[in-house]
Amino acid sequence: MSQTRIRDRAVLIDQGFVVIQRWGLRIIVIAAALYVLGWGVGRTWMIWFPVSLAILFATVLGPPTKRLRELGVPAAAAAGVVMLAFLAALGFLFSILIPQLVDEAPEIADRAAKGVSEVQDWLVNGPLPIEAGQITNALNSVEDWLRDSAGDISSGVLSTIGVATNVVLNTVLVLILTFLFIKDGHRFLPWVERLGGHRVGGHLREMLNRAWNTLGGFIRTQALVSFIDAVLIGIALAVVGQPLWVPLAVITFIGGFIPIVGAFASGAIAVLVTLVTNSPQDALIILVVIIVVQQLEGNVLSPILQGKSMNLHPAVVLMAVTAGGSLFGITGAFLAVPVTATIAEVLRYANDRIDSSLTAGGDPVAAMTAPTVADVQADEADAAQERERES
């Protein structure tokens with residue numbers, strides 16, 4: 001009896017190792033494929049980056065373009081009108097920001113100098129054991145470093161010019177791609193369905209349609225949350241007399257598109273600028289307001305709004321932002337959540353198909369490629385046309 005039990009346990013353990021071996025090989029293959037994919041994306045990032053930004057812009061500009069097409073406006077004209085409106089909005093925004101920066105520059109310089117003096121006095125007379133000579137030596141060290149680094153700074157300026165040129169070229173490329181995407185995007189899904197055939201094309205179309213809706217929902221929802229944050233923090237900055245409250249509010253709005261990390265970064269910038277140009281008391285007030293706004297966003301706005309559009313756990317969002325930022329920098333952190341949400345939506349569709357097949361008692365693998373009634377009818381129509389041509 002005991003020997004039989006030992007043999008049974010040995011069989012079970014052996015079967016367990018077989019399962020581990022199979023899944024281990026699958027995991028290794030998937031990891032290798034992901035590594036190759038990441039390597040390829042990294043090598044061609046200069047191509048994928050403008051394409052990704054254009055897709056994100058298209059998710060926002062696509063709905064109004066579709067609405068104009070439904071009203072009878074030609075696709076090219078509808079896309080052109082929406083793009084012109086978008087560029088006009090950007091121009092209006094810059095027309096507000098740039099004059100303010102130019103007009104406030106002298107006052108900001110004076111207040112910054114006064115703020116630096118106040119911070120220096122606080123360091124000397126405050127609770128920290130720092131002497132005036134130590135601060136002077138630190139400032140002298142900075143001046144010496146700047147003097148010694150003149151050559152590096154000059155080369156850095158040249159490199160900055162090259163970066164600026166790339167930014168201009170990428171901006172033009174993004175605008176052109178966005179125009180093409182919103183003009184001809186409605187033809188893409190039918191083309192994919194025809195390319196995949198009757199059996200696979202329908203699944204491809206459904207997955208891409210779900211991913212597109214999820215991506216658009218994320219962008220619009222994040223824009224709403226970021227706008228609320230920017231308005232509340234901008235009001236607080238204006239109340240304390242911050243001369244750069246409009247640019248700082250815009251930075252807060254842009255930073256909101258990078259979940260978790262962007263909010264902290266934009267908030268830190270607002271606090272530091274207020275500390276230099278105003279006073280430590282005003283900086284403390286702004287810090288408290290930012291903490292309150294972030295709590296409102298994290299506990300009320302994001303769970304309600306983002307939960308409906310993405311359905312991603314905060315831990316997944318944080319890991320995605322961290323991985324994207326470490327691999328591709330600030331652009332990777334910006335694109336991490338949309339990409340993760342898109343992948344999650346594709347996996348949900350596959351899971352739905354498997355669940356529906358198991359509920360019906362069928363083969364889940366066959367269900368992923370099984371023809372629908374429409375597929376069968378289309379196949380029959382194609383066969384009838386083929387017979388007519390032969391006759």
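Glycine too: its Cβ is placed from the backbone N, Cα and C atoms.
All TrEMBL annotations are machine predictions without curation.
Since this is a predicted model, take the numbers as computed values, not measurements.
Annotated in TrEMBL:
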type	residues	note
TRANSMEM	23-41	transmembrane segment
TRANSMEM	47-63	transmembrane segment
TRANSMEM	75-98	transmembrane segment
TRANSMEM	157-182	transmembrane segment
TRANSMEM	223-245	transmembrane segment
TRANSMEM	251-276	transmembrane segment
TRANSMEM	283-305	transmembrane segment
TRANSMEM	317-344	transmembrane segment
The answer for the transmembrane segment (47-63), taking Cβ pairs under 8 Å and residues 6+ beyond its ends, is 41, 82-83, 86, 170, 173-174, 177-178, 181-182, 185, 212, 215-216, 219-220, 223, 331, 335, 338
What residues in the same chain, six or more past the boundaries of the transmembrane segment (75-98), come closer than 8 Å to it by Cβ-Cβ distance? 57, 61, 64-65, 68-69, 175, 178-179, 182-184, 186, 246-247, 250
